[in-house]
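Per Swiss-Prot, the features are:
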- 382-395: compositional bias 'Basic and acidic residues' (COMPBIAS)
- Asn11: N-linked glycosylation site (CARBOHYD)
- Asn54: N-linked glycosylation site (CARBOHYD)
- Asn66: N-linked glycosylation site (CARBOHYD)
- Asn69: N-linked glycosylation site (CARBOHYD)
- Asn72: N-linked glycosylation site (CARBOHYD)
- Asn144: N-linked glycosylation site (CARBOHYD)
- 369-395: region 'Disordered' (REGION)
- 1-87: topological domain 'Extracellular' (TOPO_DOM)
- 112-119: topological domain 'Cytoplasmic' (TOPO_DOM)
- 141-155: topological domain 'Extracellular' (TOPO_DOM)
- 177-195: topological domain 'Cytoplasmic' (TOPO_DOM)
- 218-248: topological domain 'Extracellular' (TOPO_DOM)
- 273-295: topological domain 'Cytoplasmic' (TOPO_DOM)
- 315-329: topological domain 'Extracellular' (TOPO_DOM)
- 350-395: topological domain 'Cytoplasmic' (TOPO_DOM)
- 88-111: transmembrane segment (TRANSMEM)
- 120-140: transmembrane segment (TRANSMEM)
- 156-176: transmembrane segment (TRANSMEM)
- 196-217: transmembrane segment (TRANSMEM)
- 249-272: transmembrane segment (TRANSMEM)
- 296-314: transmembrane segment (TRANSMEM)
- 330-349: transmembrane segment (TRANSMEM)
Amino acid sequence: MAEECLARKFNLSDNYCPAYFDGLLCWDPTPWNTLAVQKCFKELYGIQYDDTQNASRLCLDGVWHNYTNYTNCTERIANGSPTDVASLIYLAGYSLSLAVLSLAVFVFLYFKDLRCLRNTIHTNLMSTYILSACSWILNLVLQNWSDESQQDQTSCMILVICMNYFYLTNFFWMLVEGLYLYMLVVETFTAENIKLKVYTTIGWGAPAVFITIWVISRCFVNVLPSTGPDGLAMFPEAKMCIWMHEHQVDWIHKAPALVGLALNLFFLIRIMWVLITKLRSANTLETEQYRKATKALLVLIPLLGITNLLVLCGPSDDSWFAYAFDYTRALMLSTQGFTVALFYCFMNTEVRHAIRYHVERWKTGRTIGGGRRRGASYSKDWSPRSRTESIRLTV
């Protein structure tokens, strides 16, 4: 584009500033002592700008002034816009999920009865939801309550890196959940061969590798120019956090997340096939078989992250359907952690029994004043883990 701009040579006298490209817009030859004005750009790095406003550059005695005035080229976000409404939905959903997930993680960590490989995987997945929600809320706060012109690039870089890492760990722990269930239900003879260390390496280690590669690549790309060809500031928003602007190298961490979702979709199909086959072989009514299969499907969808596939692509126009899709996506994605905590902790029979047992033991201790404890059906550290029960409690 710069070459095309500079090639604009008309039959002009010497009393003109030559064609000039400042890195964003092309300025045609302009008479001396004239303020050149043209429309702002519509979009820059995925961000929509108000193109009804103007940018300007001054031509003085045959030489362009060393600064282009882009002050009026502001981001197009109207008050009460669908983007604002969707952000509020995200904020409410993430806040709710954060509170419920924190309580669920506390339950799994506090009660030793619940400690097993399956619940440890659940705890790690819920932890990634918590970290992702915290980073999203922090990012929202910084974007709306901080002065963008004074944003510290180092702090912003750390926040964006952490946010992308937590998001990616979330997808990889979903993959771990899918792999664990697949090995448990489909590959029943090899399920015990995969230890917690392997799952931990997949869930926390693999995302670290992709994020490291992404950070190194991102450091070498020019995302948002802060100076023009003359070396002087040309765009006020160049002081914004450049790490928040999308770039093609972002696919380094986006692609693994999509691959993980695709694998989980495969795991879900195989698991449902095995479950439906077992239900058909059992002596149960057909309606009962459909009910159990539907229940298993609805419970597994949020655990394996299939919700993300349902709202992966949508309309981008200004129709009512596009607005409804944005709101639905915001609601489903922000409350996904809440759904996982609800299904796999608070509605889990094993968890409810463990909580009830400890509450009763606490009441008994207070009643007898620290005397002899009532006999219990199982101790605090005891937890039955047969394969059949594990499948039942998981699905």
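Numbering starts at 1 and runs along the chain as displayed.
The backbone N, Cα and C atoms fix where each Cβ goes, glycine too.
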Stretch-level contact, the transmembrane segment (196-217) and the transmembrane segment (330-349), CB cutoff 8 A, at least 3 pairs: no
Among the glycosylation sites Asn54, Asn66, Asn69, Asn72, the one whose Cβ has the most other Cβ atoms within 10 Å is Asn69
Let me check one thing: do the transmembrane segment (88-111) and the transmembrane segment (156-176) come into contact, meaning three or more Cβ pairs under 8 Å with sequence separation of at least 6? no
In whole Å, note down how far the CA of Asn66 (N-linked glycosylation site) lies from the CA of Asn54 (N-linked glycosylation site). 18
Along the topological domain 'Extracellular' (141-155), what average pLDDT does this model show? 63
How about the transmembrane segment (330-349) and the transmembrane segment (120-140): do they have 3 or more C-beta pairs under 8 A, pairs 6 or more apart in sequence? yes
Could you put numbers on the helix, strand and coil content of the topological domain 'Cytoplasmic' (112-119), residue by residue per DSSP? 6 helix, 0 strand, 2 coil
If you run the three-state DSSP split on Asn72 (N-linked glycosylation site), which class comes out? coil
Determine which residues of the chain contact the transmembrane segment (249-272) at the Cβ level, with the cut-off under 8 Å and only residues 6 or more beyond its ends counted. 164, 167-168, 171-172, 174-175, 177-179, 181-182, 185-186, 206-207, 210-211, 213-214, 217-218, 221, 293, 296-297, 300-301, 304-306, 308-309, 395
For Asn54 (N-linked glycosylation site), name the DSSP secondary structure in the helix/strand/coil scheme. strand
Per DSSP, what is the helix/strand/coil residue tally across the topological domain 'Extracellular' (315-329)? 10 helix, 0 strand, 5 coil
